[in-house]
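Engineer: Please read through the structure below; I'll follow up with questions.
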Amino acid sequence: SQASFEENSQKQPAVGHWKTLMPSKGSKEEPEPGCQDAGGVDEAQATEQLNVSRLRSSSVEIREKGSEFLKEELHKAQKELKLKDKECERLSKVREQLEQELEELTASLFEEAHKMVREANTKQAASEKQLREARGKIDMLQAEVTALKTLVITSTPSSPNRELHPQLQSPSKAVFRKGHGRNKSTSSAMVSAASHNVTPEPVSHECREVDSILFAEFQAWKESPTLDKSCSFLDRIYQEDVGPCLDFTKQELSELVRVAVEQNTLTIEPVASQSLPMVKVAAEECGGPKKCALSGLPRTCKHRIMLGDSGNYYYISPSCRARITAVCNFFTYIRYIQQGLVRQDVELMYWEVMRLRREMALAKLGFYPSDM
């Protein structure tokens, strides 16, 4: 019995210990306060860590989505930039093509205009030559008619003109002529009249040869065209052509004219085109319709010039106008070359310059067209 009691006493605490650790489902015993606080803290920390991990994962996801969106936008922007670059390149090519076509069109128009001017001048010269020949023929016919009238008038029935009627001459002097014949007086009258009124013009075939020194100077100037007269090409033309052509009696006014021609500010206009403005300088310096302001000689002045915007007009004679016009034509042509508007062979441009120099030389010597 004692052994059974000891055995029962040994088994009882063991049963009570399991009840404490593993309480039954319907037991109302509460855990100890220390154990409860420790479990709540662990659960809160776990919840907080879970929330932090969720926030971190959501922020990483947001960043990834944001970076993908930015990459897509950047890719789109790069594509748009490439398209715009291609469009800009295409437009720049179109602009360059239009500029080149415009430049070629301007050059071709200038060449065509220059060609038309040359053809018009050639036709005008041919027409003037034909007019002179026709006038010479008319004068010759008029002289012949006048001689015939003279012979007819001097031959009367009472005193017939034996030269007009060869049948009245003696047999020794009569000359048999077959067909129509003219008497000696008629022929001599026609020849004398023709010799006084008709001047035969010799037919000349112009030959030309390139001067090596002048051509080399022009080629050097053509490489870098400039209006600076210090270069050898323009220096020679100034000394040989421009200077002498613009050297008038009135030296001070001649210098002003030269400067205005170089600066392209000189204006020439007919006198009768407008009403005469008020002249600010003395009439003696400006000349008048009957006096040239550059030469100081009494000449009929059909034109006047104005230097720049001064408003002062100077009357010039036809010879002075021809000299100024020749120099202006030369400067206009070399300005066109400088601006790249002349698209011709170098030799053709050289001969055009030589032709303009010849016009200046002829104008200096006093030769000028009749329509001046």
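Backbone N, Cα and C atoms are what each Cβ position is placed from, and that goes for glycine too.
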Engineer: If I go by TrEMBL, the feature region 'Disordered' sits on one of 66-87, 154-175, 176-197. Which?
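Structural biologist: So the range that TrEMBL calls region 'Disordered' is 176-197.
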Engineer: Under the DSSP assignment, what numbers of helix, strand and coil residues are found in the domain 'GDP/GTP exchange factor Sec2 N-terminal' (60-149)?
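Structural biologist: In the domain 'GDP/GTP exchange factor Sec2 N-terminal' (60-149), the DSSP-based counts are 90 helix, 0 strand, 0 coil.
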Engineer: Sort the residues of the compositional bias 'Polar residues' (46-57) into helix, strand and coil with DSSP and give the three counts.
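Structural biologist: Secondary-structure breakdown of the compositional bias 'Polar residues' (46-57): 12 helix, 0 strand, 0 coil.
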